[in-house]
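Quick notes on the structure that follows.
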Amino acid sequence: MAPLRPFFILALVAWVSLADQESCKGRCTQGFMASKKCQCDELCTYYQSCCADYMEQCKPQVTRGDVFTMPEDDYWSYDYVEEPKNNTNTGVQPENTSPPGDLNPRTDGTLKPTAFLDPEEQPSTPAPKVEQQEEILRPDTTDQGTPEFPEEELCSGKPFDAFTDLKNGSLFAFRGQYCYELDETAVRPGYPKLIQDVWGIEGPIDAAFTRINCQGKTYLFKGSQYWRFEDGVLDPGYPRNISEGFSGIPDNVDAAFALPAHRYSGRERVYFFKGKQYWEYEFQQQPSQEECEGSSLSAVFEHFALLQRDSWENIFELLFWGRSSDGAREPQFISRNWHGVPGKVDAAMAGRIYVTGSLSHSAQAKKQKSKRRSRKRYRSRRGRGHRRSQSSNSRRSSRSIWFSLFSSEESGLGTYNNYDYDMDWLVPATCEPIQSVYFFSGDKYYRVNLRTRRVDSVNPPYPRSIAQYWLGCPTSEK
């Protein structure tokens, strides 16, 4: 029997090898499975964890994700006399409105280390009179003990301090003591609100950014400190000194924006701006997919990760990969590496990734022209606590609502939408993703192509009016 022992050993090794070669057969809609050695969920391409037969079994298409075709500030037509979206009111509106996305409401009106992103909910004990609450929220109050703030005028043209996307896709702008939430066309009802009521920090702040990973934590900077939030809740141990968390980054920064890692093995970056210089900082690690299970996935990150399915690896590496620096690099001059951007900026924000290309006339004919502004925000398709999987039919129907046909801003093509149309067609080979960065200075802003690091040459040219293109304010032109 001794001569047979090697055969048994070889057979055992072969069986173990086959067991390691897990398949995606029957798993394409089951989501992430921590117990498996390889994955078949829609994010496995980004995490480089797909099973060997993922492409064959699951047949992923980049068109099943949210695909934007134009940058945030482009219109179907440049109609400067369009009616504003009721944003001519210049006073603060302390009315009761629903919080955006899955942000948690505050239960205490006082400032505590843990801050929530909804100041509207009343304290449970004892409830004050409505008149008293209005006096607290109204910025022009003169009651003793209540700070006085100047009345905020939406279309005043004053510079903004910060812009950032939250993990649920909401876009927030900060100016002075106040913050705004922006929707697809203008400012959401109920804004502006005091930053202290919404974030638990007394404004003004210096800068803000949200990391583009599965957790999507938001960072606010003020003076020598910074605050970190997850799902609207301040993380324990914050605020912290900038020198502790971001070694090499100066205090009192002017602006900041974050970029994703080109893949899970890469590193996220954030750019800080102060005066005429900027600093590039690299995070040393990002959370794993398993660490993010059980919580809501960042919609901004999901949009980026789904684009990894297509053959754009080289472009993403060019955009988001850099040599390792272990923290902050030496400061550089803005004018040297960001061509066309003013020497000093007030705020900055990374725009959404959009895809340019062209369509045949027959494909365009199936769509109806839309005059809606193209600043559609990210839409999360997963709720907190729900398993991250859907059937192929439900996935297709839910995502098609937010899907746009490919177009080119340079060629003047607009965005077409039809919510009942089946979107299972392939991306044209000529399409490629473009990442924009927005720089805000005074009452104007600039859009920069991250790949060329130059201000986009479009019509109307940059700089453009922040009030008109981002706030929905009426134009002075007739």
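Note: Cβ is positioned from N, Cα and C throughout, glycine not excepted.
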Identify the disulfide partner of CYS44 as annotated in Swiss-Prot; candidates are CYS38, CYS50.
CYS50
When distances run from the Cα of CYS50 (disulfide bond) to each of the disulfide-bonded residues CYS24, CYS28, CYS38, CYS58, the nearest one:
CYS38
Residues near CYS58 (disulfide bond) in space but at least six apart in sequence (CB under 8 A):
CYS24, CYS28, CYS40
Could you break down the residues of the repeat 'Hemopexin 2' (202-249) into DSSP helix, strand and coil, giving a count for each?
4 helix, 19 strand, 25 coil
Averaged pLDDT score, the repeat 'Hemopexin 4' (420-473):
80
Long-range same-chain neighbours of CYS51 (disulfide bond), Cβ under 8 Å, sequence gap at least 6?
GLU22, SER23, CYS24, ARG27, CYS38, GLN39, CYS40, CYS44, GLN57
Tell me the Cβ neighbour count for CYS44 (disulfide bond), meaning other Cβ atoms within 10 Å of its Cβ, over all protein chains shown.
23
CYS292 (disulfide bond) has how many other Cβ neighbours within 10 Å of its own Cβ?
20
